[in-house]
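J.: Pulled the feature table from TrEMBL, pasting it below:
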- B:17-37: transmembrane segment (TRANSMEM)
- B:66-275: domain 'ABC transmembrane type-1' (DOMAIN)
- B:72-93: transmembrane segment (TRANSMEM)
- B:99-118: transmembrane segment (TRANSMEM)
- B:125-144: transmembrane segment (TRANSMEM)
- B:156-177: transmembrane segment (TRANSMEM)
- B:198-224: transmembrane segment (TRANSMEM)
- B:256-275: transmembrane segment (TRANSMEM)
Amino acid sequence: MKKRLTLLAQTSFSALCAVSIASGAMAGELNILTWEGYADPSVIEPFTAATGCEVSATYVGSNDDFAPKLAAGGGVFDIVTPSIDSTYALIEAGFVQPIDVSRVPAFKDIYEQFRTADGILKDGKVYGVPYAWGAIPFMYRKDKFDTPPTSIKALWDPALEGRISLWDDKSALYVAARLNGNMNIYELSDAELAAAVDKLVEQRPLVRKYWATAGELVDLYKSDEVWISNTWGGYQSGLLAAENIEVVEFIPEEGAEGWMDSNMIVADTPNEECAYQFLNMAISAQGQEGVFKVNGYSSTNPVAAKEFMSDSEFSALHQDDPAYLDSLLLWENLGDRLPVYTNAWNSVKSQ
Amino acid sequence: MNGALRLKRALVLSPPLLWTFLFMFVPYAILLVYSFWQQKYPTFVPAFQFGNYVQIFTDPQYFRVILRTLKIAFFVSLGAALVAYPYAYFLVFRVRKPGLRLMLYMAVVAPLWVSYLLRAYTWKTILGTTGILNSFLMSTGILSEPSSVFLYNQTAMIVTLIYVFIPFMVMPIYAVLEKIPHSLKEASADLGVGRVRTFLSVTLPLSIPGIVAGFTMTFCLTFGDFIAPFLVGGPDGQMIANVIASQFGASLNWPLGAALALVMLMIVLSIITVSDKFERLGQGRFA
């Protein structure tokens, strides 16, 4: 039910076209635009109790939701949590402000490859505090497969007609491109993009539904509509496990994308003090434990992670092996190719 | 005296005029200006060029989606009319007790007070693989296995939208049927015309304005809908409003989104113009 509400909240939000939930922010009130699970009461309540900063969260369904909501202006949001493919565009558009890392003492503890990532730096200034990371693996219902799928090809298998789902996002193109053998998924030429579109059009009759939110994907598995899809590694599978539906995540032969989310401060926020408190809390043991417990994502701060993860959890989440991330195709900013990718994805859905 | 009257008139008229100006004309003007702008990473820049319109008319995806949206809107309006007409007819001519008639009328209109989202969501639980419809069909032995054909396709969208918008069809049809004088039907009967022919040559023609009004409203509301594709539509469910939303959202291409919105507005306005002609035709004949 909670997931259902999230879906409703999300839909009604888009339906109302950015009507703010709490406008005219008072001092000590933070509005964050973030992902499902990132503002869990288990983390927010102690934070509010300790700092007096009230938090209200709005959830996005994809990274494409950040820039438009900030571009609409209105000074609604104070903090956003985009992934590494969307951070740089927000910096260039002037939607976010530089972060004074001296006010974020634990910043130095974050994995070096994250805190020095191109996506959060500009002109030597830091714009984002890395918060969580993981993969975009695939997952399937264990009871429906005799031989476990190992390839993306399974999502093009006619035998699975009506049981397949893909994220309603430009990342569908990344999946199809890899199936075509194009591993340069963030720099696809027009011809390669057209080939990916053809592949997705070919797949479309087999697709039950393109999922738009985490809650929707969980619903699709729960109501027996979908047996195989891509997913946000750790999150939906965890929610499904709680519903006693056994799903297995896998990294296919064709590889998987990787992601890393950072907290950024919206330019000219009137709640800067609370914003910094939030950034600090997010990478503290308390904040990192929250995202680990709620979403099952890996931690960007190994020092904090050591405090609450067991040794086996630490290695299961590849915390001792951040080079694992290099084996993933870490999301990249598409720059001026973003509209081309988006239109390509729209054209699949227009067929 | 004349001056005072003019002042009064101005005072009465200015709030609605101001409202219309501020919240109708100004936004449309802004939209029009945007539609000539140009996308430029990371957002978009002012310009005066027709690239967005050229893109809409040359890239076949927009034509396909507009055509699909028109098709769905047509079937929703047709379906709603086929259900609403007999219902309204029954209410006006067959239900004798005013209290009962009001109750039945409200039964159709009352769902309007429930959130559209909730009503659309309900259909998910009815049509799903493990939904109410499948459970029913399986318990009665009509199906041996749950069928997935009810949900996540265009039919599911049409069914949901018919349900959601049917009050807008019932209300105008009910209104015109109620106004038809009983004497006309009696005259027809006196002249020895049967019930079916009386309906076809008296009642139906007189109720055309109501059908046209309901059809237009249902059509336009469906044409602009973008929640049904999201909730009950399948991979072939994208409608024009979803494309516009994705231009203002995902691609951050407000100029193209604005151009699309204006094209959509033109389509809706031409539909209203045509339906207005129809309505007048109906009235002219029998006035």
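For all residues, glycine too, the Cβ spot is worked out from N, Cα and C.
Annotations in TrEMBL come from automatic prediction, not curation.
Describe the structural surroundings of these features, if you would.
T.: Panel annotation: around the transmembrane segment (B:72-93), residues 101, 104-105, 108, 154, 157-159, 161-162, 165-166, 168-170, 173-174, 177-178, 203, 207, 210-211, 214-215, 218-220, 222-223, 239 of the same chain, lying at least six beyond its termini, place a Cβ under 8 Å from a Cβ of the stretch.
Panel annotation: around the transmembrane segment (B:125-144), residues 150-151, 156, 159, 232 of the same chain, lying at least six beyond its termini, place a Cβ under 8 Å from a Cβ of the stretch.
With a threshold of 8 Å between CB atoms, the same-chain residues lying at least 6 positions outside the transmembrane segment (B:198-224) that come near it are 69-70, 72-74, 76-77, 80-81, 84-85, 88-89, 161, 165-166, 168-177, 180, 184-185, 188-189, 240-241, 264, 267-268, 271-272, 275, 278-279, 282-283, 285-286.
Sequence-distant contacts of the transmembrane segment (B:256-275), counting only residues of its own chain at least 6 positions beyond either end whose CB sits under 8 Å from a CB of the stretch, comprise 28, 31-32, 34-35, 37, 39, 52-53, 55-56, 62, 66, 70, 212-213, 215-216, 219-220, 223-224, 240-241, 243-245, 247-248.
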J.: State the residues, same chain only, that lie 6 or more residues beyond the ends of the transmembrane segment (B:17-37) and have a CB under 8 A from a CB inside it; answer 'none' if no residue qualifies.
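T.: Long-range Cβ neighbours of the transmembrane segment (B:17-37): 44-50, 52-53, 254-255, 257-259, 261-262, 265.
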